[in-house]
Amino acid sequence: MDPVSQLASAGTFRALKEPLAFLRALEWLFAIFAFATCGGYSGGLRLSVDCVNKTESNLSIDIAFAYPFRLQQVTFEVPTCEGKERQKLALIGDSSSSAEFFVTVAVFAFLYSLAATVVYIFFQNKYRENNRGPLIDFIVTVVFSFLWLVGSSAWAKGLSDVKVATDPKEVLLLVSACKQPSNKCMAVHSPVMSSLNTSVVFGFLNFILWAGNIWFVFKETGWHSSGQRYLSDPMEKHSSSYNQGGYNQDSYGSSGGYGQQASLGASSDEFGQQPSGPTSFTNQI
């Protein structure tokens, strides 16, 4: 039997059924989707400038752009509709910082979640042998949750800027020939941003996964177990003091008022002798 079959037969992969390892596997998968949809993007738009002199027109002006979205470096040429001269333009904006930060967080989250999943599956005993492993795991989970929130928010703002800068109507405003009413300028093709929109969604989904996993990682740390001991000790002391208090049934039964029935009986006997007084008084008369 090969080693993989032995591990599977021994129940090693049962760790994936636990929330800790299962969420790590989901984080690994969602991190792939996040950096693939953003880092692998390439798109473009197409413009049309129809001059009065048809020989000067250009009805197919292609403008291509891609990750990391340094749009100010994307240049293109358009006709001026004044002879054979061409006007060289560039897109406006630079969203490379937010895009690169988002992809960097996704790549490191992918690597860490993969490594953590391997540790959960094959080295679970060593992971729980002392408190150092869970503490490091807990701190890294909190840090990545914060980074996913910041990175996704920053990239959402950066994507909004990219959409504005690559809008064909906004690009046509840069063309001087389009400012003349005699020339006709049109947007032939707009860029498709569906994959970039998906990357933002996966970014916030990763934040939800990592933030939700904080509790399950925290349960593995010594902080959680010490907190449980701290709560259980006062409860034990309170229950022991309650059992030793004045509500002891034996002492209550031995010294309680129900033991006074004998004295009550004696007093009733004394009261029973009172009729003898009046009888002797009539005899004397």
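From the backbone N, Cα and C atoms, a Cβ is placed for every residue, glycine too.
For reference, TrEMBL has these:
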type	residues	note
COMPBIAS	244-253	compositional bias 'Low complexity'
COMPBIAS	270-285	compositional bias 'Polar residues'
DOMAIN	15-222	domain 'MARVEL'
REGION	241-285	region 'Disordered'
TRANSMEM	21-42	transmembrane segment
TRANSMEM	101-123	transmembrane segment
TRANSMEM	135-156	transmembrane segment
TRANSMEM	200-218	transmembrane segment
Considering the transmembrane segment (101-123), which listed stretch of 21-42, 135-156, 200-218 counts the most C-beta pairs under 8 Å: 21-42
For the transmembrane segment (21-42), sequence-distant contacts whose Cβ falls under 8 Å of one of its Cβ atoms, 6 or more beyond its ends: 15, 64-67, 99, 102-103, 106-107, 109-110, 113-114, 116-117, 120-121, 155, 195-196, 198-199, 202-203, 205-206, 209-210, 212-213, 216
Local confidence of the prediction over the domain 'MARVEL' (15-222), expressed as mean pLDDT: 92
